[in-house]
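A.B. asks: Just dropping this structure here.
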């Protein structure tokens with residue numbers, strides 16, 4: 001039968017820069033979260049809401065990329081033709097919902113860093 005999991009994998013044409021931009025973005029985001037986290041806890045979230053927003057978006061995007069790799073590695077659409085796309089779209093939906101929640105929390109409540117500071121001090 002054609003189209004089963006036992007078919008050989010078709011490989012795309014080789015490209016020197018295909019995965020490098022994605023990898024570089026992940027490394028820059030990961031490295032950028034270190035000073036951003038320090039800056040968010042040194043400054044006040046009410047005085048610098050942009051830092052709080054950048055930290056919220058950066059953490060959500062970092063998590064999205066990590067969970068995206070898990071979905072791509074373990075729930076591949078070729079092996080799981082129904083569950084793979086469902087997991088991919090579920091991750092995208094959860095990421096958008098989390099971004100909306102972080103936005104709402106940062107604008108209508110105390111903010112992400114203020115919450116963490118209160119929990120840490122409790």
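Cβ from N, Cα, C; glycine included.
Dumping what TrEMBL says about this protein:
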BINDING   62  heme b binding site
BINDING   74  ubiquinone binding site
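Context for these features, please: burial, neighbours, distances.
C.D. replies: The number of other CB atoms found within 10 A of the CB of residue 62 (heme b binding site), across every protein chain shown, is 15.
Residues within less than 8 Å, Cβ to Cβ, of residue 74 (ubiquinone binding site) and separated from it by at least 6 positions along the same chain comprise none.
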